[in-house]
């Protein structure tokens, strides 16, 4: 039942009046008799005893969110590695080479050369121009296809056998291996395969990092914390621009962008904790309680004896007198999400919004990055320009709620995209169109950021990463299609982006609000909890 403050209470029982264990022994919370314990779900324990966002959560959040920078490295490296470099006529080529030509397609072989040599990019290395230019787009499409598959696979594994931390460790190992191997590929097709494999592992980085960083955070702080994770992604893009400037050849760039994954494995992963929520749903109460005790101690609080974690459906079920049930692993899959009347429509809506949002975000990103300016400066400015959107969305998140912001940011972007589709293409109008594109991506960056925290709150712990993985898969499909929308040219790209923004906003209108609602653990818990919310 919902309380007046908007959060759900899920505690019952009485406190333990005396110490059950010797101070020198490791506590065994599973052995505490149910009649002598007070059961609390994680949100209540964080709120009442541990602290919602203290020093422990801050340290854990920062360390875990660093993985977002790694995702940015492996995703955006293609901007520099696959760029078409400048060219110049070879001395003595005479009339065989015209430097005023728009491209090298009509020039005689041997009359021109790439600036920076053949090692400056994959385009120069394997001659991916003219009739072979489609191969650059194919690499990008297959990378995002790999991301789409990897998001589903690692979303399931992080909910089940590997856990959040185990999955994050696995994808970082794979990224480091595939990234370094990419730097020594002998031909285009091997390069294509390794970029697909890199996409497969990269697809799990963001969602594993996001869930692991936000699950130990209390309900009133979780929104702002979740929104703040994307600063690390934008910072990663900005850092990549500097790395690409220092390492101008594509092979050296792949090594330089993969080394941080190795450093993360050895310098950061050992100091990251597994999610107590995952431990709880897997029946590992002692491990979950040990983390909660560490959180309370680090935050300067005290976790009283006799307080024990329970799943939300157990803590609310007064008739439950079987303590052993809390020791059994509770599992779930995407099939359970589809079967449930509460979560099935949520999954459909989240997938649709993620798809339309990604088409607009990546499509507009390509338009901004492909301006005829210094590519390193363009990427840097594009990354920095997204940060105000994150800040504004984070500030307004807990004031107006997830649903109004999801609608407003998408329609804000849609308005400017549609405006860009009707303005002309003559000088001054071109400047206005550029401004429409910048404002369009400003709004959609806020949506893209918001969708992670919103989607995570819409589903219970047992299927959270699986659902988030499905939404991420849809986003990757949108990323695959975005470049094809861009090449349509004329008014069509802005028109498509505007329509996608309008449709995404309408889909968001059908979602429930999650502000101040508990983060449920089980399918039963969310079904019963949502029923209580509808009654009140």
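Quick reminder: no glycine exception, Cβ is built from N, Cα and C everywhere.
Automatic, uncurated: that is what TrEMBL annotation is.
Just so it is clear, the model here is predicted, and its values are computed rather than measured.
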Listed range which TrEMBL flags as transmembrane segment, given the options 113-132, 253-272, 273-292: 253-272
Of the residue ranges 87-109, 294-316, 317-339, 432-454, the one that TrEMBL records as transmembrane segment: 432-454
Per TrEMBL record, range annotated transmembrane segment [choices 136-154, 459-477, 478-496, 497-515]: 136-154
Segment-segment contact (the transmembrane segment (404-426); the transmembrane segment (166-185)) at 3 or more Cβ pairs under 8 Å: no
Cβ pairs under 8 Å between the transmembrane segment (432-454) and the transmembrane segment (253-272), at least three: no
The transmembrane segment (375-397) and the transmembrane segment (191-212) contact flag, 3+ Cβ pairs under 8 angstroms: no
PLDDT averaged over the residues of the domain 'Major facilitator superfamily (MFS) profile' (60-516): 83
Intrachain neighbours beyond the transmembrane segment (347-369), with Cβ under 8 angstroms and 6 or more residues off its ends: 79, 334, 337-338, 375, 378-379, 382, 406, 410, 413, 417, 437-438, 440-441, 444-445, 447-448, 451, 454-455, 458-459, 467, 470-479, 481-483, 485-486, 493, 496-497, 500-501, 503-504, 507-508, 510-511
